[in-house]
Every structure is written in C-alpha cells, then in structure tokens.
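As annotated by Swiss-Prot, domain 'Calponin-homology (CH)' applies to 28-131, with the evidence given as sequence analysis. Among the features that Swiss-Prot reports, repeat 'Calponin-like 1' is placed at 164-189. Here Swiss-Prot flags Thr170, Thr180, Thr184, Thr259 as phosphothreonine, drawing on similarity to another entry. Taken from Swiss-Prot, the feature phosphoserine covers Ser175. The repeat 'Calponin-like 2' annotation in Swiss-Prot covers 204-229. Taken from Swiss-Prot, the feature repeat 'Calponin-like 3' applies to 243-268.
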Amino acid sequence: MSSAHFNRGPAYGLSAEVKNKLAQKYDHQREQELREWIEGVTGRRIGNNFMDGLKDGIILCEFINKLQPGSVKKVNESTQNWHQLENIGNFIKAITKYGVKPHDIFEANDLFENTNHTQVQSTLLALASMAKTKGNKVNVGVKYAEKQERRFEPEKLREGRNIIGLQMGTNKFASQQGMTAYGTRRHLYDPKLGTDQPLDQATISLQMGTNKGASQAGMTAPGTKRQIFEPGLGMEHCDTLNVSLQMGSNKGASQRGMTVYGLPRQVYDPKYCLTPEYPELGEPAHNHHPHNYYNSA
C-alpha cells in the first residue's frame with residue numbers, strides 16, 4: 001500500500017477557504033526555531049520540508065523519548081502507512097502523559113494527510129513550553145506558570161469576605177453611613193440656604209420641589225366619615241345625621257319603622273281591611289261578632 005492512497009485531492013469552496021485561513025496562521029519563524037530544537041535534541045536531520053520530515057513519526061517518537069525516556073516502547077521504521085500512523089499515535093499518547101493539554105494536541109490526520117499544519121506547529125510549541133517547566137533548556141515557546149499554592153487559616157478566609165476585590169471595581173470610598181432603611185423617614189433640607197438641619201419630620205427639600213405650604217392637617221383615613229359644609233355661608237359644622245345639600249336631598253325620609261332585613265312583616269291596608277279579631281279559646285266561631293275573622297259576610 002503506497003502513501004499516495006492517503007493523499008487528498010485539492011479543496012474547493014468552503015473547504016478551500018478554511019484551509020487557506022489555517023495556512024495563513026502558520027509561522028515560518030517558529031518552524032525554524034522548532035527545527036533547530038528537535039534536530040539538536042535528536043541529532044537527526046529533518047530535511048528541507050519540515051512537515052514531510054515528521055510525517056512518518058519516527059523523529060517525533062525519538063524526540064519524546066529524549067525528553068521523557070521510555071515514553072514510546074517501540075518505534076516502527078517501516079514505510080507502510082499504518083506503521084507511520086501508529087508512530088504518530090504513540091507520540092500523541094506520550095506527550096499527553098508528558099503534560100500537554102488535550103486541546104493543544106493535533107490529530108494524526110492533521111500531519112499525515114497535511115490537513116492542518118498550523119495545529120501541528122501549535123502542539124510542538126505547547127510541548128516546548130511544557131519542557132521548560134520540567135527544567136529543559138529550550139529557546140522556543142513560553143514557559144508555563146508554576147503553581148504557587150498557599151494555605152490560609154480559617155480566620156483569614158473569613159476576613160476576606162469583608163473585602164471588596166479590585167476586580168469587582170471600586171466604591172471610591174463610598175459607604176452607607178447615614179442611610180436609612182427603605183421606607184423610613186428622611187430629613188430633607190437645602191444645605192445652600194445655610195439653615196440648620198430640621199428637627200421635624202415635615203420639611204421637604206427645595207431640591208425635591210415645593211408643596212406651597214400644603215399639609216395633611218385635617219385629613220382623615222380613607223373610608224372614615226367627613227363633615228361637609230360651606231364655610232362661606234357662616235354655618236356651623238353639620239352633624240353626622242344631616243345630609244349636605246351638595247349631596248342632594250332625602251325629602252324628609254328616614255328609616256323609622258324599618259325592621260332588620262329578613263324579619264317577617266304584616267302587610268295590609270287599613271282603608272280596605274278590617275282590624276282582625278280572633279275568637280277566644282273555647283268560643284264557637286259562628287257565635288262571634290258578625291264581622292269577625294271567620295264570618296265577615
């Protein structure tokens with residue numbers, strides 16, 4: 001099986017656009033630095049084409065074995081494609097154990113099928129950064145920050161809850177001093193007038209507008225009775241039994257003689273109905289008054 005079986009044809013449309021964008025991110029200066037580093041560690045020459053020299057995975061496996069001895073147990077020297085893919089897979093497993101993050105590692109086809117050389121370069125740079133943290137002298141990449149663990153007493157941790165972090169912004173030394181709870185009264189006055197602070201609760205600041213001397217004096221709670229009269233007429237206060245003329249007139253009507261709602265009432269007209277008379281106990285009904293209840297004819 002020849003290696004041409006794994007070579008892809010030219011890309012078109014969106015695939016070509018994505019491939020071009022990835023190729024534009026490839027850094028040739030970083031490639032030269034990685035070449036010098038790998039050749040210096042392994043002692044083997046990669047070749048003119050950097051990615052083609054790493055494609056069989058042999059140099060990559062020897063390289064990780066130099067950084068971490070025993071990482072790859074067997075390196076396949078065969079030119080068959082599946083042996084070369086196995087070398088690349090073993091290299092990926094080895095650098096994962098070495099400490100490179102999974103999201104920084106390329107896939108085997110990115111190198112073997114030439115689909116994403118930029119990701120391969122990013123993986124080698126991440127490997128260089130990890131090698132620096134392990135004490136290797138590397139001039140490529142950026143050294144990862146080392147952990148600086150600290151242990152604090154529980155009392156110190158509780159004190160930290162009272163501090164506002166600068167990452168959350170600053171209150172510019174503002175505080176809640178002088179603030180009252182929501183809904184409580186506030187003393188409002190205009191400090192520009194030079195007056196003292198008011199002692200009563202009826203002062204309204206001029207900054208809030210003016211009430212023109214209005215107050216709530218004489219006002220009653222909602223639903224209570226109000227005495228309504230016209231002060232211009234010079235009359236005294238009306239009592240609660242009279243209805244103001246402004247509200248209309250009841251024409252002398254009252255509730256006299258009215259009973260409680262639901263009680264029985266005797267309804268008759270005295271012009272047409274006689275006063276009912278009932279026979280006494282034991283008296284025959286026919287011997288009673290001719291205009292009694294039973295014999296009114």
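Counting starts with 1 at the first residue shown.
Heads up, the Cβ atoms here are built off N, Cα and C, so glycines get one too.
For the residue listed as 'phosphoserine', the number of other Cβ atoms no farther than 10 Å from its own Cβ, over all displayed protein chains, is 7. Residue density at Thr180 (phosphothreonine): 10 other Cβ atoms are found within 10 A of its Cβ, drawing on all protein chains shown. Classification of Thr180 (phosphothreonine) by DSSP places it in coil, neither helical nor stranded. Residues of the domain 'Calponin-homology (CH)' (28-131) grouped by DSSP class, helix first, strand second and coil last, total 71 helix, 0 strand, 33 coil. Following the DSSP three-state reduction, the secondary structure of the residue listed as 'phosphoserine' is coil.
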